[in-house]
Amino acid sequence: AAAPPPPPPPGFVPAKDPASRLPPSATGKITPGGGGGTNDASASASASALPPPPPGFEPRGGGDEATRAARDEKKRKREEDRRAHALREKERSEREERARADRAYRDRLHRWEREETERERARRRRADKKRDAERDRDAALEADLRPEPEEVEAECAVATAPDARPGGALER
């Protein structure tokens, strides 16, 4: 006992059986009018008694060729859509990768610029500190060399005082 065939997928529409397009008498099936169809010469003659189609006539709704062409067209369209989608996805991922690389480069550049700015500030601070130290040292040296106000007054008092040395102005 063979396993039954699997159930058709949802939305499945069975293809028309080629035999269903023939008149009942040609298939040998029982017709509603009674009597069974026969496959004798008279039945075949009545089926072929139809007039031939006019030149250039194409049947509507298609037979096997039209069905195959539609199926092939649908398959080709699906494959084309899949390729277009894959191409768009590839381009999108490439754009994202380029954007990521650009962002990483900009981040590295900004970090380098910040570090360079910090180094420049540190150099300026060291130079300012050195200049301030030199200025303070010069000011301290100048202050050491400049006499105090009391010393200046004492020197002025001595200079203006009468000469008290022997033979000086006081003895005269």
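The count begins at 1 with the first shown residue.
Positions of Cβ are set from backbone N, Cα and C atoms, glycine also.
TrEMBL lists 1-12 with the feature compositional bias 'Pro residues'.
For 39-49, the entry in TrEMBL reads compositional bias 'Low complexity'.
Annotated compositional bias 'Basic and acidic residues' per TrEMBL: 61-121 (among others), in sequence order.
Secondary structure of the compositional bias 'Basic and acidic residues' (129-149) per DSSP, as helix, strand and coil residue counts: 18 helix, 0 strand, 3 coil. The compositional bias 'Basic and acidic residues' annotation in TrEMBL covers 129-149 (among others).
What TrEMBL lists as region 'Disordered' is 1-172.
Here the compositional bias 'Pro residues' (1-12) has, by DSSP, the following mix of helix, strand and coil residues: 0 helix, 0 strand, 12 coil. For the compositional bias 'Basic and acidic residues' (61-121), the DSSP counts in helix, strand and coil order read 58 helix, 0 strand, 3 coil.
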